[in-house]
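Asker: Got a structure for you, written out below as structure tokens; questions coming shortly.
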Amino acid sequence: MSARASAAAASALRPYLLGLGAWFASFGIGMVMVQWIVAEVLHQPADRLGIVQMCLMGPSILFMLWGGAVADHSDTRRQLLICHGLAALPSLGLATLAAGGHLSLGAMIVYGLATGTISAFAIPARDGLLPRVTALPLPRAVAMATGAQFLAQLIGIALATSADAVGAVPLLALQAAIMLAGGIAIFRLAPQPPAMRAHDAPTGLAALWDGVRVAGKSSQIWPVLVLLFAVGLFYVATFMVVLPIAVRDVYGGGSARLALVNLAFWCGTIAASFGMMRVGATMQRRGRAIIGALCVGIVVLLAISTLPPFPVLLLLVFCWGVGAGVTMTQGRTIVQVATPASHRSRVLALFQLGFMGGAPIGAPIVGAIARSWSLPTAMWTACAGMLCVVVLVTALSTIWRQVLHVEAG
């Protein structure tokens, strides 16, 4: 990379990170508000919260790969600007309903579907843009972006701790304002046309399938995608559905305790992400790091299933977050490095689809198990499922033996 290109990339990274931070700060507020409104305001059981979370994450199954294909064939800056503007509308709509005292389960479902659909187009565009706005080595850039994402999300969660005191309307309005501020940051970027536009490049459904084909043929990428789908199916679903109900029914409830659980988790992910900035550039056995982190997660979730005292729960959730940070940074680095630039947004969309596609399938299942049997039973089921997937992927792929060499950039 030339000196001029490096300087341009360095100046572009700042508004990119500001836009990313605004998106996830807004997301952090929304994550707690959904749990708080459904569990605490509407007093819905675990299976109903599971349905709302399914609606929030479910659109990724339908639209995430399409969003990646659009990003690979269009100006990603423009795509992000549109998404930031649209993403403020569901929060404003929910704030209007809350102000009139008309919050309902149906309103939360509509909010989830709208927010999830917009996110499915924003996330692959933003992930595919990262290598084009940084002169840093890619593993360090990925770790920095992941850390900034989680730090911003942490700020949003911290703001949401005041829900019991200030109510839903101010926080939902703030959520929308932060999202619009992120759009202003993205506006400062230069136009970002497609990295490569060949005359015979596939379009439409063929472009979607082309991204799947590239991922499926790569011995480095497909094991990561399968593991990430299992993370969404078992871990994310449990975190989004079972833990909020445990906070309400076992630990006394309230937005403050709910936010503390979220804060503990995301503090762990931030610690891991910034730790990966220091050691990630020289790490070669990234697949082993992912397998190890997932196995630690199984042990931690088994400990959480004992429903320990609240301070112990926070410590365990922090450790779970550390494992998530390792999995996210190393998995994303593998996919970023192993994917051709022409297909990067589509394959990164598959990466996100693992988290956000598995979770809406798992959320109603673990919610139903928690309601029909118990909260610990739902967590034991998630642990058993994750263990089976980890063993199968390790046995059937080369992820444990792979060495990933990354150029300094």
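The backbone N, Cα and C atoms fix where each Cβ goes, glycine too.
Under the heading transmembrane segment, TrEMBL lists 16-38, 50-68, 80-99, 105-125, 137-159, 165-187, 221-246, 258-277, 289-307, 313-335, 347-366, 378-400. According to TrEMBL, the domain 'Major facilitator superfamily (MFS) profile' annotation covers 221-409.
Thinking about packing and proximity, how do these listed features fit into the structure?
Answerer: Beyond its flanks by at least six residues, the transmembrane segment (50-68) meets 34, 38, 44, 105, 108-109, 111-113, 115-117, 119-125, 128, 208, 211-212, 232, 236-237, 240-241, 345-350, 352-353, 356-357, 359-361, 363-368 of its own chain at Cβ-Cβ distances under 8 Å.
Within the same chain, residues 19, 22-23, 26, 30, 107-108, 110-111, 114-115, 118-119, 121-122, 125-126, 129, 167-169, 172-173, 175-177, 179-180, 182-183, 186-187 sit at least 6 positions outside the transmembrane segment (80-99) and bring their C-beta atoms closer than 8 Å to a C-beta of that stretch.
Sequence-distant contacts of the transmembrane segment (105-125), counting only residues of its own chain at least 6 positions beyond either end whose CB sits under 8 Å from a CB of the stretch, comprise 23, 30, 34, 37-38, 42, 44, 48, 51-60, 62-64, 66-68, 70-71, 76, 79-80, 82-84, 86-87, 89-91, 93-94, 97, 345-346, 348-349, 352, 356.
Listed as Cβ neighbours of the transmembrane segment (137-159) (distance under 8 Å, sequence separation of 6 or more from its ends, same chain) are residues 13, 17, 20-32, 130-131, 171, 174-175, 178, 259, 262-263, 266-267, 269-270, 273-274, 276-277, 280-281, 283, 325, 328-329, 332-333, 336-337, 406-409.
Residues of the same chain lying 6 or more positions beyond the ends of the transmembrane segment (165-187) and with a Cβ under 8 Å from any Cβ of it are 15-16, 18-23, 25-26, 29-30, 33, 37, 41, 77, 80-81, 84-85, 87-89, 91-92, 94-95, 98-99, 103, 156, 159.
Listed as Cβ neighbours of the transmembrane segment (221-246) (distance under 8 Å, sequence separation of 6 or more from its ends, same chain) are residues 35, 39, 45-46, 49-50, 53, 57, 214-215, 258, 261, 265, 287, 290-291, 294, 297, 301, 304, 307, 317, 320, 324, 327, 331, 334-335, 338-339, 347, 350-351, 353-359, 361-363, 365-367, 370, 375, 378-379, 382-383, 385-386, 389-390, 393, 397-399.
Sequence-remote contacts of a segment are chain residues at least 6 beyond its ends whose Cβ falls under 8 Å from one of its Cβ atoms, and for the transmembrane segment (258-277) they are 28, 31-32, 35-36, 39-40, 139-140, 143-144, 146-147, 150-151, 153-154, 157-158, 160-161, 163, 239, 243-244, 247-248, 283, 313-315, 317-326, 328-330.
Taking Cβ pairs closer than 8 Å, the transmembrane segment (289-307) reaches residues 224, 227, 231, 235, 238, 243, 246, 250, 283, 313, 316-317, 319-320, 322-324, 326-327, 330-331, 375-376, 379-380, 382-383, 386-387, 390, 394, 399-400 in its own chain, all 6 or more past its ends.
Residues 127, 138-139, 142-143, 146, 150, 220-221, 224-225, 227-228, 231, 235, 239, 243, 251, 260-261, 264-273, 275-276, 280, 283, 286-287, 289-290, 292-294, 296-297, 300-301, 303-304, 307, 347-348, 351, 404, 406 of the same chain, all 6+ positions outside the transmembrane segment (313-335), place their C-beta atoms under 8 angstroms from a C-beta of that stretch.
Counting same-chain residues at least six beyond the ends of the transmembrane segment (347-366), those with a Cβ under 8 angstroms from any Cβ of the stretch are 46-47, 50-51, 53-58, 60-61, 64-65, 67-69, 71, 116, 119-120, 123-124, 127-128, 211-212, 214-215, 221, 224-234, 236-238, 240-242, 331-332, 335-336, 339, 378, 381-382.
Beyond its flanks by at least six residues, the transmembrane segment (378-400) meets 46, 219, 222-224, 226-227, 230-231, 233-235, 237-238, 241-242, 287-288, 290-291, 294-295, 297-298, 301-302, 304-305, 362, 366-367, 369-370 of its own chain at Cβ-Cβ distances under 8 Å.
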Asker: If you average the pLDDT over the domain 'Major facilitator superfamily (MFS) profile' (221-409), what number do you get?
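Answerer: The average pLDDT of the model in the domain 'Major facilitator superfamily (MFS) profile' (221-409) works out to 86.
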